[in-house]
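Novice: Quick one: the structure is below, questions incoming.
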Amino acid sequence: MCHMWHIKQLAVHACGEHQRLQGASWQMFVLVLVAVSFAACCGAAVVPRDQRYASPDAERGHSWGGAWRVKAPLLGHSLMHHSGEVYGQEATSTLPIESLRAVAEQTFGDQPLCVLDLCAAPGSKASQVASQLHIDLLVANEPQKTRAALLQANLLRAGVSEALILSMDGTRIGAIMPNAFDVVLVDAPCSGEGNIRKDPSAWDRWAHNDHPQQLQSRLNLQKDLMSSGWQALRPGGLLVYSTCTLNHEENERQCCQLQEQGAQVVRLDEQLVPSTPEGFLRVWPHWLDVEGFFVACFYKETTHVDPAAQMDCLSLGKMGFRRLKTSEVAGLQERVLQELHFSLPPGIPVMDKEEDVFLLTKRLPLLQKLLPHTLLPGIRLLSKQQISKELRLVAGGNLSSEEWLDLYKSAGGGLGASSLSLKSAVDAPTAWKAFQEMKQQRLEPDIVSYNTLLNAFAKDSDGAGAQEVFNEMTDVSVTPGVVSLEPSFSVLIEAHARAGHRKAAEQAFRIMQELGLQPNEVTYTALLRARLLSGDLLGAEDLQNELNVVGYTLLIDAYARVGNVEKAEAAVDALSMNAAPNLATYTALMKAYSRAHQLQGAEAVMSRMKAQGLEPNSITYVTLIAAHGKAKSLQRAEELYKEQGPNLASATAMIGAYGRAKDAERAQGVFDELCAQTVRPDAICCRQLSQALTGARPQSERKVYCKLQPSVLLSRERICNASRNAFEASIASHGRARQFCAEGCCSGF
């Protein structure tokens, strides 16, 4: 059963019941759903290999009960993603293979399967097949060479060694290899109407003058692919047909035509819901706030087929290969085991005329007619007597994200590999460098690549750089009306907003409207930020009815800064009518009560937060501790500090609370406790401590400052620079500045 739900953080759940040994590696499939700013869900396949992740690391976040938790925005930048442990996809896009798995268990049992993925690029469902099914061989096809290379690299990165990559017209495969495959997957090209949740322009295709012709062309292609797949399917096998579109013609009508060829419908209502009266699976976008999808499964009635009639005599010599001797195979296996800690999967090791070594599939005699259409006859093991990049990518190892990306690029990752490098960039200059490298490789950046680069400039608050990227995108590569530019405009406005360029942000918004593009909640939130940062609170309020949770939180935080509790509460009420306030929203509301010196209101917000099932975080506790500190309510501040536990943020707030109460001794105690935990106090923490000591006695003051000097956790220069004014005021008031310099505690004075 495929479960769908929204969560605030991304949780990658390892489904233990699907774990099984496959040679030297074990694979499993997971579903991943995440609520992001536009309330979207995405799926992911996880393929752990051997002991690469014996225990979770900091990059993967916390682990519990067979699950890994990472923050959603970081998943695409994580080592898990780069190394192929995680493959992200829309949640409903996982349903074809989930449906197939449920039926295949009943049909084939533990039988190893030969699977054909007729329309496989870029590889999400193919990697899911390798993860979910007991496969002997996966044949994955993509007619375009560049996309086929990307497909190959993605499968290698996911650790799939049992794959043969074809690059040919999928409508011809059935005629070349009839009755050859146990399972055929036809994830057909379609009109993509199911994407309307994240791409409203999908509906606009119906209004184009050439829509009838385009639809008929797709229908013909889908019919031909299904017929080819049905011909390639052996009697007793299963065919799964799927689309991400909603109309009857591309779904039920195509299935009816296949039934006319003798296909028997395998009802999915016993395995997955919701289903249609015919037993097909259909998901509508508005039901679960996911992509619309259609899945159908068919069974080919068993008839007698003589395997000998399907199998040509295998002649490696005619194919240009020499089979390795037993001693050569043993030496190769030992070398791979020593260098990569990886055991070669079953197959036929051969050497070609260039002395490269490949591992051919055991089913090669049955499939050798397809070899002229493959990118490689099998996984390359050695290239010029060295371990190949393909084998290194499959085997994995203790590699950094950069090393994984380099392997991925060299193995044919193409635009996908360059896009990953772009996404992994830590700042705008690094992203720009990766973008230029992409173009130097003669790869044409797509809209996703441009938007990724725009995001990098937005995060760096570089509005001018973002505008330059946007101009290039629209002038050279992307045409408005052909590709949806709403997300690009939203990021551009956000970049100008963060850079403090209110006029530029407003101008981008006007151009967007002039082009007939519809601003969404993300766009309005970016414009809101521009107006707030320019100090135009009234202008920001004009956008209130168009905001998402992030936008409302920004507006509430603006009210908090001026202590306007009434408007902050009204904004929370307005948000609650359409969405649930989150932790940041309630924390901003708490800040408003704190600024208005209404402690009871701030405490009430904490109670409301917990009643909603939200766990207060460090920022929440710091806000409330600071509020009680300002009111000199030390007992409650101490209770909150103990409840949260000492960390840099809460300790800094507690030191500030003691500072307001002029309690230098207890402020020093909190600071010492922090240092004892090997936490490095930052400039703000040191400044709070120095301010707490302003009213202390001279001897006490000297004792405290001298404690700072020998600490290996602190930078003497950093303390001096961060707290110079406070130190000078405090020390000079007791005439001890010269003595301090002589003792070397703060030689920078």
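Glycine is no exception: its Cβ is also placed from the backbone N, Cα and C atoms.
Checked TrEMBL, it gives:
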{"type": "ACT_SITE", "residues": "CYS244", "note": "active site, nucleophile"}
{"type": "BINDING", "residues": "CYS119, ALA120, ALA121, PRO122, GLY123, SER124, LYS125, GLU142, ASP169, ASP187", "note": "S-adenosyl-L-methionine binding site"}
{"type": "DOMAIN", "residues": "84-301", "note": "domain 'SAM-dependent MTase RsmB/NOP-type'"}
{"type": "REPEAT", "residues": "446-480", "note": "repeat 'PPR'"}
{"type": "REPEAT", "residues": "485-519", "note": "repeat 'PPR'"}
{"type": "REPEAT", "residues": "582-616", "note": "repeat 'PPR'"}
{"type": "REPEAT", "residues": "647-681", "note": "repeat 'PPR'"}
{"type": "TRANSMEM", "residues": "28-47", "note": "transmembrane segment"}
Novice: To the nearest whole angstrom, what is the C-alpha distance linking ALA121 (S-adenosyl-L-methionine binding site) and the residue listed as 'active site, nucleophile'?
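Specialist: Given the Cα positions, ALA121 (S-adenosyl-L-methionine binding site) is 15 Å from the residue listed as 'active site, nucleophile'.
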Novice: Counting only residues 6+ apart in the same chain, whose Cβ is under 8 Å from the Cβ of GLY123 (S-adenosyl-L-methionine binding site)?
Specialist: TYR87, ALA140, LEU150, LEU151, ASN154, LEU155, ALA158
Novice: Which sequence-distant residues neighbour the repeat 'PPR' (485-519)? Criterion: at least 6 residues beyond either end, Cβ under 8 Å.
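Specialist: For the repeat 'PPR' (485-519), the nonlocal Cβ contacts are 200, 447, 450-451, 454-455, 457-459, 461-467, 470, 473-474, 478, 526-527, 529-531, 533-534, 536, 546.
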Novice: Looking at Cβ-Cβ distances, which residues of the chain lie under 8 angstroms from ASP169 (S-adenosyl-L-methionine binding site) while being 6 or more apart from it?
Specialist: PRO143
Novice: Could you give the number of helix, strand and coil residues in the repeat 'PPR' (647-681) as assigned by DSSP?
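Specialist: Helix/strand/coil tally for the repeat 'PPR' (647-681): 26 helix, 0 strand, 9 coil.
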Novice: Which whole-number value in Å describes the distance between the Cα atoms of CYS119 (S-adenosyl-L-methionine binding site) and CYS244 (active site, nucleophile)?
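Specialist: Each residue's Cα considered, CYS119 (S-adenosyl-L-methionine binding site) and CYS244 (active site, nucleophile) end up 13 Å apart.
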Novice: In the repeat 'PPR' (485-519), how many residues does DSSP put in helix, strand and coil?
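Specialist: The counts are 26 helix, 0 strand, 9 coil.
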Novice: I'd like the per-state residue tally for the repeat 'PPR' (446-480) from DSSP, helix first, then strand, then coil.
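Specialist: Taking the repeat 'PPR' (446-480) as a whole: 28 helix, 1 strand, 6 coil.
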